[in-house]
Amino acid sequence: MKKDVKKVVLAYSGGLDTSIILKWLQDEYKCEVVTFTADIGQGEELEPARKKALALGVKPENIFIEDLREEFVRDYVFPMFRANAIYEGEYLLGTSIARPLIAKRQAEIAKLTGADGVSHGATGKGNDQVRFELAYYAINPNLKVIVPWREWDLNSREKLLAYAEKNGIDITRKPGKSPYSMDANLLHISYEGLVLEDPNHAPENDMWRWCVSPKDAPNESEIITIGYEKGDPVSINGKKMSPAEILTELNHLGAKHGIGRLDLVENRYVGMKSRGCYETPGGTIMLKAHRAIESITLDRGSAHLKDELMPRYAELIYNGFWFSPERLMLQAAIDKSQEHVNGEVRVELYKGNVTILGRSSKDDNLFSEAYCTFEEDSVYNPKDADGFIKLNALRFIIASKNGRKF
């Protein structure tokens with residue numbers, strides 16, 4: 001029953017949709033609303049969200065605006081990149097990885113303020129509704145989850161605008177605001193809707209907000225060195241930085257050199273296909289560099305097992321199962337594999353390309369020049385290969401002698 005909810009924590013951006021939701025919750029549920037606005041690097045000024053919430057009657061003590069950039073990168077982005085996680089071969093999971101953190105903090109604020117409900121602005125067609133709500137139920141299953149898009153009759157843009165106008169909610173589009181449905185954080189920007197709903201329609205060049213076109217990138221390449229400790233980047237060109245600082249700097253470098261644009265059609269967890277365009281400049285560099293440092297610090301068995309586990313791990317994140325036992329189990333295995341992933345990777349950035357120029361590890365290098373040299377060596381006896389090959393061929397030999405044809 002709607003009257004059973006007394007206080008609701010709303011994931012609030014300050015935009016039109018969540019402002020309408022705020023007013024709708026007050027009107028339909030007759031409840032007190034707590035707004036939570038997370039700074040996860042979306043690059044927008046967040047204080048206007050406070051003014052809008054106040055204008056809609058939210059008490060000052062019920063307005064939470066928090067900088068979660070360091071926590072986002074340290075506890076969510078970096079663990080995911082230790083796994084080299086990619087969904088369906090291309091998507092670096094920029095939206096997927098942000099939702100668990102926002103939902104977790106909502107549940108924590110609910111406990112802090114004595115709220116008995118939570119709400120979000122995700123629509124009934126997308127993956128985000130699943131990601132938010134699975135996180136809510138994992139953290140506090142006693143919270144009432146309110147999803148306006150699955151309840152109200154404001155099912156068109158015209159109805160939403162009429163409701164906003166009726167209730168004095170500002171519907172003025174900010175100058176320079178993209179007409180596309182966008183999601184932005186420190187890892188990526190995504191674009192959906194409008195002409196992108198036709199998968200055969202190329203995106204306009206002025207849609208991209210972050211990365212320059214590779215054609216317009218500098219004609220001179222840039223070489224950087226990324227330092228790694230236990231699988232996480234910790235420095236750029238020898239300068240130690242915090243997780244958020246690392247990603248911010250890699251974003252700047254990647255965007256400048258036209259790195260990180262992506263146009264794909266993905267399979268949503270809810271069953272439909274969706275076309276989206278993404279900009280992930282820093283993440284694109286991190287993925288390539290991390291695989292490079294792993295190539296000399298992980299043994300073959302560990303590296304291959306990680307590659308086998310990665311699609312399942314990526315799917316769990318995409319589908320919203322960040323707080324699931326199976327994701328935590330996989331994370332423990334992945335983190336164990338990173339204990340010796342230490343060293344430096346030299347990377348060249350040039351017109352949309354990330355090229356590995358070198359990789360080194362002072363204490364954890366498994367690349368042995370003594371064993372792999374093409375020159376004469378004294379540590380490897382080629383005759384040992386004879387028995388190795390025969391043992392591996394034994395099943396073929398037996399099958400062939402029994403008349404099996406291959």
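These residue numbers are counts, starting from 1, taken along the chain as shown.
Note that Cβ sites are derived from N, Cα and C of the backbone, with glycine treated the same way.
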Swiss-Prot annotation, ATP site containing Ala11, Tyr12, Ser13, Gly14, Gly15, Leu16, Asp17, Thr18, Ser19, Gly121 - matching residue among Ala38, Ala83, Ala85, Ala98: Ala38
Co-listed L-citrulline-binding residue [Swiss-Prot; alongside Tyr91, Ser96, Asn127, Arg131, Ser181, Ser190, Glu266] among Tyr137, Tyr278: Tyr278
Site of maximum Cβ density within 10 Å, from binding-site residues Tyr91, Tyr278: Tyr278
Spatial separation of Ser13 (ATP binding site) from Glu266 (L-citrulline binding site) - C-alpha basis, Å: 26
Using Cα positions only, nearest of the binding-site residues to Gly15 (ATP binding site) (Tyr91, Ser96, Thr123, Tyr278): Thr123
Fewest Cβ neighbours within 10 Å, where candidates are the binding-site residues Ser19, Thr123, Asn127: Thr123
Long-range Cβ environment of Ser181 (L-citrulline binding site), under 8 Å and at least 6 residues apart: Tyr191, Glu192, Gly193
Most Cβ neighbours inside 10 Å, all chains, among the binding-site residues Ser13, Ser96, Ser190: Ser96
From binding-site residues Asp17, Ser19, Gly121, Thr123, Asp128, the one whose Cα lies nearest Ser96 (L-citrulline binding site): Asp128
